[in-house]
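Copied from Swiss-Prot, the annotated features are:
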| type | residues | note |
| --- | --- | --- |
| BINDING | Gly129, Ser130, His131, Gly132, Lys133, Thr134, Thr135 | ATP binding site |
Amino acid sequence: MSLWFCPLTSTLNRQQPIHFIGVGGIGMSALALILVNRGHIVSGSDSRENTAVEQLRAQGVRVFRDQSAANIDAICSNVDLLPLVVISTAIPKSNPELKAAKLSQLKILHRSDLLAALIQAQPSIAVAGSHGKTTTSTLLTTLLATTDQDPTAVIGGVVPYYDSNGHVGKGRLLVAEADESDGSLVKFQATLGVITNLELDHTDHYANLDELINTMKRFGQGCRRLLANFDCPILKEHFDATAWWSVKTSAGVDFAALPICLNGDQTIADIYEQGKRMGQITLPMPGLHNLSNAMAAIAACRLEGLSFEDVQQGLADLQPPGRRFDFRGTWEGRQIVDDYAHHPSEVSATLTMARLIVTSGRSQLPNPPKRILAVFQPHRYSRTNKFLYDFARALGEADAVLLAPVYSAGENPIQGATSESLAKAIRIQHPNLPVAVAENFNQLTLLVQKHSLKGDLVLAMGAGNINNLWRQLTHLDNAKRCPPSLAA
């Protein structure tokens with residue numbers, strides 16, 4: 001059952017409790033934070049303990065440590081209005097708490113409907129795309145914050161400026177990350193939509209690229225204005241945008257960032273608007289993909305009326321979100337970095353950036369690394385099956401590769417979609433590249449100890465629980481100084 005309502009304040013009574021099943025999820029926790037900070041009575045449940053849950057409890061949110069029918073009985077007792085229950089696509093119909101909510105005839109709302117209401121209730125910017133949407137929405141939120149716009153933000157990652165994925169601002173704008181994985185972003189009707197790029201992913205939901213294109217078109221058509229990436233061939237061919245940006249050309253686009261210098265610690269570029277040079281920027285982040293993400297954020301700010309000078313000054317405070325080339329600490333001379341890359345294009349972009357850090361000898365890491373040990377955890381059998389050889393090609397950019405078992409994300413195994421199959425594909429494409437496969441997480445830690453060298457960059461990539469690898473290295477030199485990710 002799904003309920004469409006808008007605006008939020010005209011439908012939700014602050015005296016009506018709102019309960020999130022799976023509140024520790026990165027998208028759910030952001031919404032819960034927004035609502036509790038707007039005076040709503042919020043509760044939730046999650047079988048995982050993470051930083052998101054800790055933050056919610058600190059805000060006074062009651063979070064149950066399991067998901068059971070008893071939780072529904074508890075939240076329905078001694079209330080004047082029956083609770084509204086919020087779920088995400090990750091919650092199966094067999095969930096005992098969801099089944100109890102249905103038996104109690106509670107209204108059940110998908111998180112996308114709640115986010116859609118927030119987006120439509122005020123001027124908003126919704127950032128979508130196959131890759132870079134979390135980084136772009138984080139950079140945009142930070143630029144708006146540092147230029148005294150104080151936006152409300154609902155992001156799928158930790159925004160370092162707020163140390164949170166959700167923030168209630170006093171400014172007029174809301175920034176939201178629009179996730180395409182289940183198609184629910186078609187409900188969002190933003191003042192400005194942003195699409196970073198587009199290519200096939202989430203093959204558990206989309207049978208082919210055309211289905212994904214049609215979904216993203218519906219998202220774009222629902223926005224009052226659309227800002228899109230001119231460098232993406234699919235967007236360029238299939239979409240009619242209000243404005244375009246590029247990091248390759250200033251001709252025929254509204255905004256461009258043309259790189260002058262790409263180093264391992266920063267990027268210097270000239271900014272153009274309508275073909276006119278506006279000035280030079282220094283982005284404190286490496287990688288051409290990050291320059292594109294930053295250009296999208298800059299363009300969105302300019303479309304919302306901010307001066308170029310203000311935006312230019314705000315760039316100095318930019319940081320990527322958590323789990324995006326996230327330095328976690330050191331272990332016996334090895335530097336451990338965690339990254340969310342889980343699609344071949346993301347793996348390639350992350351390794352290209354890592355290689356730039358190695359070759360340039362310049363880095364924001366404590367020490368410039370000498371070699372790249374990629375530790376990759378495939379995410380979902382469906383994605384591994386579809387992109388097996390693309391993953392093999394992308395991982396070839398490392399100096400050595402360790403593979404964790406596939407993180408199922410609730411999917412059933414698919415024959416041939418295994419880490420062993422991926423290792424075989426890597427050996428075929430890159431015969432001289434050292435590759436090893438771990439049978440479990442404990443063995444993965446042993447393989448890191450065995451195959452890594454002093455001076456290595458140990459780059460853990462994946463969207464599952466690979467971000468726990470640094471914890472497994474029990475002798476991490478500065479573990480106490482590196483807090484766990486909110487998405488952990």
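Any Cβ shown, glycine's included, is placed from N, Cα and C.
Neighbours of Gly129 (ATP binding site), defined as other CB atoms within 10 A of its CB across all chains, total 25.
In sequence order, Glu180, Thr196, Asn197, Leu198, Glu199, Asp201, His343, Ser345 are the residues of the chain that are 6 or more apart from Ser130 (ATP binding site) and have a CB within less than 8 Å of its CB. Under a cutoff of 8 A between CB atoms, and with a sequence separation of 6+ in the same chain, the neighbours of Thr135 (ATP binding site) are Gly157, Asn290, Asn293, Pro320, Pro321, Arg324. Cβ contacts within 10 Å of His131 (ATP binding site), excluding its own Cβ and spanning all protein chains shown: 21.
Within 10 Å of the C-beta of Gly132 (ATP binding site) there are 23 other C-beta atoms, taking all protein chains into account. Summarising the environment of Lys133 (ATP binding site), the number of other Cβ atoms within 10 Å of its Cβ, over all protein chains shown, is 25.
The record gives Gly129, Ser130, His131, Gly132, Lys133, Thr134, Thr135 for ATP. Within 8 Å of the mean position of their Cβ atoms, the other Cβ atoms in that chain belong to Val127, Thr136, Thr196, Asn197, Asn293. Packing around Thr134 (ATP binding site) is summarised by its Cβ count: 28 other Cβ atoms lie within 10 angstroms of its Cβ, all protein chains included.
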